[in-house]
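First the structure, in the form of structure tokens, and then the observations on it.
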Amino acid sequence: MATASGMPEQETQVFSGNNDQYPRLDVYVWDMDETLVLLNSLLKSSYAEAFNGLKDVQKGVEIGRTWENLILQICDDYFFYEQIENYNKPFLDALAQYDDGRDLSDYDFNQDELGSPHEDDANNRKLAYRHRVIAQKYLQGLRNILDHETIKLWDELYDKTDEYTDRWLSSARTFLKECSGEDKDSVSSVAFANTSSNSTNSNHVNVLVTSGSIVPSLVKCMLFHLDSLITHGNVYSSWEVGKIQCFRWIKERFNHPNVRFCAIGDGWEESEAAEIMRWPFVKIDPRPGKLHRFPGLTLTTVSHYFSVVYGRPGNENDEE
């Protein structure tokens, strides 16, 4: 059942009482392209050109094209993309109220005559079924889905890209893991249980808001090894609705008394949305020599952005 805002009812949690009863909650709202992942700048050669001849431009373009082909192949072969690319939704649970829980083990997705979800409830239900399967595959992981040859290509491409970009991919993932904190598994869902008043821990959660459509964005999360750190329910597509709307949904979801938000990205849209929300914004710059890039960005730097907007935490011993 969805709320008036469009968010699933079970994902809205209201907190009350003294703020000291809850650990602090830090929500990191990430952009994907040119932030956690370098792809567009490889395809357009802008990444390599910024190094003034130190990078092989054509090699970067070829790496980008290989990624592009692999992403589209997996989207089409395993994630219904050919069928649903014109029916993009801002998050996978957008049509959850139409899913009747039917057993899909023998369901023929090629013969159910999916039409526009705007036409009737039956089409919304068919799309919701596909979203459910996509969520299950996200949890399953690509290594349990792809054949050996594709996995080998994927592993080699990831390593080649990481080397070419001076460990951008692996260091971005490491930083994402640091942002998750030690208790990342306990905070991957939206609802947070009450904690004792003497708790001094901080909770952390990563959310992704990408301008790409939802299916390729989820596949990219999996291919770039981000799926263990960002749950499928925390991936948003701003393709139609814009980033400010996604940011508002996120604020509504994480309605926690000690919550702090920080947006991290490279573009004007997330910067503008963060300003409207009055959230700190860390602008990523992939050019060499810049501080806000990978490797380079640290939790100390991000904690400074938090403190400028929210002040220092009451307990200075809290892990940043």
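Glycine is treated like the rest: Cβ placed from N, Cα and C.
As recorded in TrEMBL, the features of this protein are as follows:
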ACT_SITE  D31  active site, nucleophile
BINDING   D31, D33, D266  Mg(2+) binding site
ACT_SITE  D33  active site, proton donor
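Within 8 A of the CB centroid of the Mg(2+) site residues D31, D33, D266, the other residues of that chain are M32, E34, T35, L36, V37, T210, S211, G265, G267, E270, I284.
Around D33 (Mg(2+) binding site), taking its Cβ as the centre, 18 other Cβ atoms fall within 10 Å, counting all chains. Between the recorded positions D31, D266, the minimum number of other C-beta atoms within 10 Å of a residue's C-beta occurs at D266.
On a Cα basis, D266 (Mg(2+) binding site) lies 7 Å away from D31 (active site, nucleophile).
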